[in-house]
């Protein structure tokens, strides 16, 4: 803590609460789980204490100034809570010197509502567990736990999390075993917020690539792990979860019992036996049993028959690991070590990290509805492998792309007015809905005919497709909602809801309510007469004195700020507020009438309680229909959005031609004409240079890209990866023409950076990621490698780059883009027929250096390092010294060093590199270096 912060904080010392302090310290000492943050409900606000308070203050407020301290008499003098110099709280032995540093027990208070909701969301994002404690009824000193949650179990915080655009909280139960020498994962995954549960059982390789892809694509937030300390694979799973930042809990094997799993699943799914997972997925069924138990799903009867079964088919989606998500900037991840902008290059350098369109998802997500945004995120994380499914999506996008009038109608009017149906259904299902929610749902349903009319007006070659998938479904849903609409119109006062935002049962529905409403009407009529009289008293036109109603203040009069002079210095007029829309005021008589109106309103709510509950119960029976509508609207929204984004790009996107997975053996492949990086081209002051790529099987499937730094190599290889991914999502792509061969995974090794928190150097990080690629990639994969070998000596780096490139060509046979600063690698094209060279061009005419960002055929014929240094405004003396030293080295190389270098390369080509044994490969290279006395230092 800084001196200023400590001085400010130490001035705020609260009265000691010995009983609570004793309870809190015993609570902390009895639980060693440092990932749990405890909040105490103080009836109006929440308090957080100790190290929890410091953590939340820094997380949310980015400062410790909001902390206060209890000056405490510690009941345990052997332990004291003190503030360290860095502001953290620690427990230490007592001493007079330490006591002088003590401020006491840190206390942080947070308001209910928006502030509390944001902090809960932030804590869950930080992978923290949360506990809410409250005072026991009729007690002033005893506390009880009333709510708890974790990143993967947010059932008790549904109302908080659904008050925004969340993607759900997926908990995963996992069991790992070996069968016939292969790793087998039995997984069950569930999201209690969105009432989904699923199972998946699959084999994996030693690098756990399938598990990595599953974790990323299913947005797993937390894991329940079947403990098996003797299993070597189990230790690797723990490391994989830790690397992915997934908190996990180790549980005994007894928790993974399939004894009652089938029965439990049937109760949750409400389905017959035939719809349950295959019995062959025994390990997945066992994991499902664990998941159901630890989410305590069977304790809530409201869950019975309400869950939906999800299936994760490993063969349906493209594999994407965290490196690809980060390297290609597909979505925004919390890992800030990776630049959020597309790398330097094609548009004249790296983009600003503050650009809101820095990720592909941010670029595409112009959805009108929260449901659409959630579905789009799922699609971006799970690109398809089946060409027919991809073509089906492209047909929908094309239909809306070619119909501007329909697209604008849906985006500007129809979809924009549809609220969060997921949130509405969860509130109704969880019995937390209000009459206002019923009115909101009614408003959405009554707008559906407008959406239907817009769709009916569409005419194109895809007209039948729109009819079968949207029009007919929407007609059925509208028909099924007819009874709901009739109930709302009969029971809820819609006029009052629209005029005054009061959501009550119609007074005509009950004699008592009719009498109370009469009293309220009499009061409002009196206030209206006051309004007319006051306008006359103020010498203002009657239309200028308006009646303003709010649930908080009831009735107030409002005049413009310009007319405020009319009530100035007149004591009988009481100003309540001044806002942009004018000055709100009243008289004592109006204030008295407001108190009476508030009293009758409260009595009305009390008398209607039973009728309101019955209305909400009936509304809850429509939850399955709401979920169907939500799914339909989300899908429609995504297709309309993808067509919209494709049409408004600086140069409109085009529909790609799709080649099915594995059908490019006859020489076909991915060919992109005039390709562009979708996230870079939209940036301000960017004139993007489009480039071509031809990845043809057996002819040009391995492309080596050389050229100057900042010339566009990184942007070029990333844009190819993004275009392929966009096509497999079912989106149009930024190009003049594109033929995309479906790939089973995109594997990337881009950027050079240390992983200091893991104790991993730049070079080791490169080797680990590259080793993973070599073991996971197949002939149908797209591999993207950017500047491999920068983290070690020149010869080691070059040797490994050569060996890795050769292995990819000869052993894997996949598509690869290999950007490198090792120009010597370009001779691979003379040795291997599938290798082709590309380079990013630059001009050095008239002693000037200009980056052209154009990708051209052939290798780069010179180095531009000094030219780039000039662009970076290096001092002229440094530039001149560099030029002189470069000439000396070139002259030196023309003699013995150059001869040795050439001999080294000749023998180096003959080495058969083993990707599984990096040390052996390095040993072979070092022996050659020693043989020819080549110094790498």
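Sequential numbering from 1, following the chain as shown.
Cβ coordinates come from backbone N, Cα and C, glycine included.
Keep in mind that this is a model prediction, so the values were computed, not measured.
Annotated in Swiss-Prot:
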type	residues	note
REGION	635-709	region 'Interaction with exo1'
BINDING	707, 708, 709, 710, 711, 712, 713, 714	ATP binding site
Quiz item: So among the binding-site residues 709, 714, who's got the most Cβ atoms within 10 Å?
Solution: 714
Self-check item: Local confidence of the prediction over the region 'Interaction with exo1' (635-709), expressed as mean pLDDT
Solution: 90
Quiz item: What three-state secondary structure does DSSP assign to residue 712 (ATP binding site)?
Solution: coil
Exercise. For residue 708 (ATP binding site), list the number of other Cβ atoms lying within 10 Å of its Cβ atom.
Key: 24
Practice problem: Look up residue 707 (ATP binding site) in the DSSP assignment and report helix, strand or coil. | Solution: coil
Quiz item: Among the binding-site residues 707, 711, 712, which residue has its Cβ surrounded by the fewest other Cβ atoms within 10 Å?
Solution: 711
